[in-house]
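K.L.:
The feature 4-amino-2-methyl-5-(diphosphooxymethyl)pyrimidine binding site is assigned by TrEMBL to Gln46, Leu47, Arg48, Asp49, Lys50, Asn78, Thr117, Lys146. What TrEMBL records for Asp79, Asp98 is Mg(2+) binding site. Summarising the annotation, TrEMBL assigns domain 'Thiamine phosphate synthase/TenI' to 16-197.
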Amino acid sequence: MAQGAPCLRRSFDLSLYLVLDPGLCAGIGMVETARRAVAGGVSTVQLRDKTGGTAAMIETGRALKAALAGSGAALIINDDVEAAAAIGADGVHIGQGDMGAAETRALIGPQAILGLTVETPALAAAADPALVDYIGAGPVFATPTKADHKTPVGFDGLKAQIAASPVPAVAIGGLKTGHVAEVFAAGAQGLAVVSAICGQPDPEAAARRFRTEIDRLSG
C-alpha cells in the first residue's frame, strides 16, 4: 500500500474496536463519530461502508486518517484494498466472501494489518498467521447492523472460535458494556462494536464507558 504513505505497523490494539456504520453515524457523520469515539478510548477504527464505491471510500478514509492523526488509533478499511492503498490506511479487514487472505496480503504488503472474519472454529483454525494478524470472531449475538450475519454463537461459540485460532481475536456481534467481562473471559483481545457507539447520542461518552470497564478488568 505505497500510494498514501501508510503507517506500516504490525503492532495494534484490539481492545476497543469501532466499526463505523454510515446509517448509524448519519447525525454527525462517520469522521466526527470516529474522532469523538477515539477521544473516549477507541483503539482501532474500521471504515465499513457498502453504500458507495471506492472513490467515496477514499474520500471518507482520507478524512478519517487526518482526524485520527496523532491519536495512536489504527485505521482499518473493510474489504477495499484499492481504497486502503490510496488512503494510506493501517490495514484491511476481509470477510469469508471477499478476496482471499493470500491475495490480499500480496497486495497490501508484509507490514499492513490484515483482519479476517470467521464464524466457526474451523474457519478460525484455518487463519494462517503468516498472512492474518487477527480474526473477528462471532457473531456473539444477533445484530441489526449486518443483515447477512450468521447465526449467533453466544459466548460458548466465541470461546471455541478463539481456542481454535492461531492469531488474536476481537469479538463482534451485538456487544454492550455489560458483556466486556465475558468477552475477555472467552479469550478475546478486545471487542468490536457498532451500534453501541455509533448509534449513541454521545459517542465519546459511550466509548469511555467501554474503556473504563476494559481498563478495570485489565488492571
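Cβ atoms are placed via backbone N, Cα and C, with glycine included.
Any idea what these are sitting next to in the structure?
P.N.:
Of all Cβ atoms in the protein chains displayed, 20 besides its own lie within 10 Å of the Cβ of Arg48 (4-amino-2-methyl-5-(diphosphooxymethyl)pyrimidine binding site). Under the three-state DSSP scheme, Arg48 (4-amino-2-methyl-5-(diphosphooxymethyl)pyrimidine binding site) falls in the coil class.
In the shown protein chains, 17 other C-beta atoms lie within 10 A of the C-beta of Asp98 (Mg(2+) binding site). According to its DSSP assignment, Asp98 (Mg(2+) binding site) is coil.
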K.L.:
Tally every other Cβ atom lying within 10 Å of the Cβ atom of Lys50 (4-amino-2-methyl-5-(diphosphooxymethyl)pyrimidine binding site).
P.N.:
12
K.L.:
If one measures from the C-alpha of Leu47 (4-amino-2-methyl-5-(diphosphooxymethyl)pyrimidine binding site) to the C-alpha of Asp79 (Mg(2+) binding site), what distance in angstrom results, rounded to a whole number?
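P.N.:
Between the Cα atoms of Leu47 (4-amino-2-methyl-5-(diphosphooxymethyl)pyrimidine binding site) and Asp79 (Mg(2+) binding site), the distance comes to 9 Å.
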K.L.:
Taking the Cβ of Asp79 (Mg(2+) binding site) as reference, which residues of that chain separated by at least 6 in sequence fall under 8 Å from it?
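P.N.:
Expected: Arg48, Val92, His93, Ile94, Gly95, Asp98, Met99.
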